[in-house]
Amino acid sequence: METRDRITTTELIIIVVNYVLAAGVFTLPRTTVERAGTPDVWISVILGGLLSMITGLIIARLSQRFPGQTIYQYSGKIIGRPLAILLGVVLIGYFVCIGSYEMRNVQEVTVFILLEGTPGWAIAGIFMWVALYLCRGGINAISRMCRLMIPITWTVFFGVSLLSLQVFDINNLRPVLGQGMSPVWRSIKPTALTFTSGEALLFLVAFMDKPKKTMKVVVSATLIAMVFYIVAVVLCIGAFSVDGVVTRTWPFIDLIRSFEVNYLVFERFESLWLTIWIMQIFCTFCIAFYGAALGLSQLTKIPLNHCLFALLPVIYIVTEIPRSLNGLFAFGAGIGNWSFFLFGVLPLPLLIIARLRGARS
Amino acid sequence: MMWSVITGWFPGWSVMFQGLILLIVPIVITLTVDWIRTFEGKVSKRGQKAKAALNKDGGATSLKGTKGAEGTKSNKTTFIAGKDDSGGSGNNDEQENPDQSYTGNVDKDLRLFKEISSDMADVNIRELRIGALQIKAVLLFVDGLTDKDSMDRNILRPLMNAVLPFEGMTEAPEAEELKRIIVERIIHVSEIEYTIDPVKSLKKVLFGSAVLMVDGMKELFVLGTPKGRTRGGEEPVSEALLRGSRIGFNETLSDNTAMLRRHGQNTELAMISFTVGKRVEKELVLTYIRDIANEALVEEIKRRLLTIDIDDVQESGFVEQLIEDDFLSPFQQIQNTERPDRVMAAMLEGRAAILLDGTPFALIMPVTFGMLLQSPEDYFDRWMAGSLLRTLRFFAALVSLFAPALYISFLSFHPGLIPTKLVISIISSRQGVPFPSLIEALIMEVSIEILREAGLRLPKPIGPAMGIVGGLIIGQAAVEAGIVSPILVIVVAVTAISSFAMPMYSAGITLRLLRFVAMFFAAVFGMYGVIMFFLLLSSHLIRLKSFGVPYLGLMVPSHLRDWKDFIIRLPLHLLKRRPALLKPKDPIRKG
């Protein structure tokens, strides 16, 4: 029987949600509260989600004009070959950096909590080899992996969140809008960066069997991801208050460490949650890895499998570039700014030019 | 300035070197795997060449598979191993004159036949004269394989007593006329074939048919089908059920196909016959339901069956291994079963099955992961009971795969995860244990696997006793001697019991194998290693296909409705569709 290289609307929603949900949960409470200084950041998360939804919709519109083609293939029709190659290289670099960022997060958190003393390269190596193996199965393999992970990771996430309600204090979230809207606006930037979903659509829509429904994908995926981030932010602030969140490197992990449960099989959940969330990050890593390799393969006409191999050391080296944890967070912020320009600003002119030139596939 | 920024980013030569290693290792692994796979490629290419020559053979719907292939085969079939007591001393002389055929002169033909059967003492030759005209004839058969009683009654007696059919004739009629008279008016045998090929006639004789040679006729009659030893359909040992039919397949192909036919009246059950094995030919039947099974699937199975290129297919396991998708996977991509009801259920879902002569194990394909944990009982019991049992089995599979690995990772890396009191009691009980937890777990796991393997071979009366000695006494003694901790004994025992909860024995073996891999991952990377192993396993299962059908298809379906019959089995009223994954021709089951 023939193999399907198409994904349905639901499958794409799941992929995009998996792409958006990643290491951001560890740090988002801190990055937002640092900028806002008030507990209202959950409003920023909602607004940031809506904002990224708008950029996602623009990207969706753009992709819909070229069904069955990825950005690497169709950008040449909009802005000409030389610029398109430049854009492609930048995009590949972006996906490599996303992959490296997630990889490095896994490394740091694992060394910190799970495996003290295990060298980073060993942790990265096994992670990337499994990802390589999965990605060689193509987009359908990644899509299935995302669907396989969802019941596990979501159950554990919400289960642990429920358990953490015992340290939750609603007073930490008050007063709402005590300093007006200005802190809320300030902290939108890190949230929007955490869940830009549009970049994945740039190449994923090409695999869709019904590209007309891309809008639905953007809206549903962003809303689902938003729920997770709101839960993370609200719970962390509720447990630690604004001042407590700022001082913690990974507030959400600290949240899970901060309580013990005597009536279940496990008493402490941070290792369990962390291992489960590593699976979630694995999905994000694979999607970014696949996106970068796909771009490389379509730009250079090298078979996809070879590109996957070629990118392996590149991602690893980029992973090791940040010298310290602070370097890593600076790296994350850098990627964020980059993505803000690439996916917040750039798609609109592209869409307008495409419309003016009447470019379609 | 620019340069200093770049060098500032440079992560160091050791990182570069690690990156290189990171690249080289998977490349080496991939190249090795590709290299191993080329063997399969070569084999199947050769198989395809053979197929091109015999293209029409396999598709023939006759139950006698060798028809139509004589032309190509008589030249190729150069060697026939003697069956039964003939000692397999294949005679090499016969292949020097393969173009011989019968002439119609009984004396000459008999000499020819004796020549090619010279080393086979069990071939009996009975000369006779037919009816009133006294036409010379010879009956050839093998002692012990042919049903002598019915042969005497239905072949010999009518032939010798035939007076009426030849009334008014003075001499033997023309060959065609004679053949018609013998077939239509004399012999009381339902199944008759004809052959003029000496080698084929010998083959038929050796397989148990009676072969009749008549003077004046080039063609020989092949009468009746063999009646070898057979046993009744007893309850399958490897797949016992509390509720469900008590019948299992046996070693006779015709009995097995009959069991499927007897399942219920159905005109759409197709049975396609193939002949497999080059040296020792065996019959193989591909069966499926014509208006359910996907045609592409059936074509693909036929194509793969024709690539089988081996001297003897000893058991259906040979077929399984020769036509499966990925021989490097630890998971079976074809399910074997002794139960006719399981085969029927699978066919009703749109799958196909293969029966092989000489083995009670039928093969079902394609396989999806859920099937390995399902039992026919799930459907026979009410839905709640079925769902409970299935959920338990899934849980048991997880335990059987991960329990020792989790023990190792909890103890060696994350004692903080389990309740403090438990940690204290485990640690205190492990006080005297001189080994790290991996070695400790390996000692127990390996010894229990040996115990299980040995228990299989022990004579029935001793088996349970040895189980008690091995399990209880050694376990107790090992704890008291301080080699292992009592908690580990519990873990290992639960693991072993869980692995017996698998309804498919061979699926249990896969889990046993993977359990050891999981233990090593856990020993090196702790929980992180277990998760990575889980991801690796999932990646493998996700990429694995059985006859083009994704192996994990039901676990991660495109449509949630395929989940109705997965871990939970919903009431039969709600199971209206066959699994969409198999793309059946008729997707609706009921309603």
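The backbone N, Cα and C atoms fix where each Cβ goes, and this holds for glycine too.
Per TrEMBL, the features are as follows:
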TRANSMEM  A:12-29  transmembrane segment
TRANSMEM  A:41-62  transmembrane segment
TRANSMEM  A:83-101  transmembrane segment
TRANSMEM  A:121-139  transmembrane segment
TRANSMEM  A:148-168  transmembrane segment
TRANSMEM  A:188-207  transmembrane segment
TRANSMEM  A:219-242  transmembrane segment
TRANSMEM  A:272-292  transmembrane segment
TRANSMEM  A:304-322  transmembrane segment
TRANSMEM  A:328-354  transmembrane segment
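Contact between the transmembrane segment (A:219-242) and the transmembrane segment (A:148-168) is present: at least three CB pairs lie under 8 Å, with pairs separated by 6 or more positions in sequence. With Cβ pairs under 8 Å as the measure, the transmembrane segment (A:188-207) is packed most heavily against A:41-62, out of A:41-62, A:121-139, A:272-292, A:328-354.
When Cβ distances are compared across the two stretches, the transmembrane segment (A:121-139) makes contact with the transmembrane segment (A:272-292), since 3 or more pairs at least 6 residues apart fall below 8 angstroms. When Cβ-Cβ distances below 8 Å are used as the criterion, the transmembrane segment (A:328-354) is approached by residues 27, 31, 51, 55, 58-59, 61-62, 65, 75, 77-79, 90-91, 94, 97-98, 101, 104-105, 108, 189-190, 192-194, 196, 198-199, 321-322 of the same chain, each at least six residues removed from its ends. Remote same-chain partners of the transmembrane segment (A:272-292), defined as residues 6 or more beyond its termini with a Cβ less than 8 Å from a stretch Cβ, comprise 15, 18-23, 25, 91-92, 95-96, 98-99, 102-103, 105-106, 109-110, 113-114, 127, 130-132, 134-135, 139, 142, 145-146, 149, 152-153, 156-157, 160, 199-200, 202-203, 253, 256, 266, 308, 311, 315. Counting Cβ pairs closer than 8 Å to the transmembrane segment (A:148-168), the top stretch among A:12-29, A:83-101, A:304-322 is A:12-29.
Long-range neighbours of the transmembrane segment (A:12-29) within the same chain, counting only residues 6 or more positions beyond its ends whose Cβ lies under 8 Å from a Cβ of the stretch, are 41, 45, 101-102, 105-106, 109, 142-143, 146-147, 149-150, 153, 190-191, 194-197, 200-201, 204-205, 207-208, 214, 216-218, 220-222, 224-225, 228-229, 232-233, 236-237, 245, 249-253, 277, 280-281, 283-285, 287-288, 329, 332. Sequence-remote contacts of a segment are chain residues at least 6 beyond its ends whose Cβ falls under 8 Å from one of its Cβ atoms, and for the transmembrane segment (A:41-62) they are 28-29, 32-33, 173, 177, 183-185, 187-192, 194-199, 201-202, 205, 214-215, 217-219, 221-223, 225-226, 229-230, 233-234, 237, 343-344, 347-348, 350-351, 354. Sequence-distant contacts of the transmembrane segment (A:83-101) (same chain, six or more residues past either end, CB-CB distance under 8 Å): 23, 71-72, 75-76, 199, 202, 284-285, 288-289, 291-292, 295-296, 298-299, 311, 314-316, 318-319, 321, 328, 331-332, 335, 338-339, 342.
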